Amino acid sequence: MTYSLRILDLPESDRPRERLIAQGAKYLTHAELLAILLGTGQGPGKLSAVGLGQHVLQHFSEHQQDPLTVLRDVNASELTTIQGIGPAKATTILAAIELGKRICQARPPELTVIDDPAVAAAALAGELMWQSQERFAVLLLDVKHRLLGTQVVSIGTATETLAHPRDIFREIIRKGATRAIVAHNHPSGQTDPSPEDLELTQQLLSGAQILGLPLLDHLILGNGDFTSLRQTTSLWNDCPQDL
């Protein structure tokens, strides 16, 4: 695609809005999604809206990170330093980013059945996703795996959390839950478990066996993604739970 070509000069099948309607948003490039928000082009060389979207992404790729990661936390003053992005375009982008965060953080209502790691991660996203510090939280469930509530047990630093099995089980017992899923976030966005994560999970599984309070999973959340330790490790085989 020629980025200086006007959107209206493109065949309809190549126009971002028409492609979104015909094929769905997931088939659009990052630049095309930005183009829909921007509406019109500008910037160096009088770029099209798609070209301006690509220019924005290239600007943020100079941070040696995924430009979407940088864009997630950008502010209006940073956006308006980019040629072609004025206050109107900047606020549209920021509003879309914030709406996306809120949708990601929306959690199911209480008494929803938590029968899948993705449902559990969605229920905890509001507490854990996009946080700059590590947080450790617990999903409190009844015997039918229905959600009774969520509880943040501890807040740590940018690189570690300070959760202790004693504090976690105290919350589970205090709230009258009979099943639990624990989770924490990695501010780095990486969801691979650390040796400390695995060690804590082993301790929790052993404690859950003794107390008769099955631990259903331990999730690690980051950058809109998650890892289920029950699905990716053998810890539950080594320390079976009455699920």
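Glycine is no exception: its Cβ is also placed from the backbone N, Cα and C atoms.
Under the heading domain 'MPN', Swiss-Prot lists 113-235.
Among the features that Swiss-Prot reports, Zn(2+) binding site is placed at H184, H186, D197, with the record citing sequence analysis. Non-local neighbourhood of D197 (Zn(2+) binding site): H184, H218, I220, L229, each in the same chain, at least six residues away, with C-beta under 8 Å from its C-beta. Secondary structure at D197 (Zn(2+) binding site), taken from DSSP and collapsed to helix, strand or coil, is helix.
The motif 'JAMM motif' annotation in Swiss-Prot covers 184-197.
Secondary structure by DSSP for the domain 'MPN' (113-235): 44 helix, 37 strand, 42 coil. Cβ neighbour count for H184 (Zn(2+) binding site) (all protein chains, 10 Å cutoff from its Cβ): 28.
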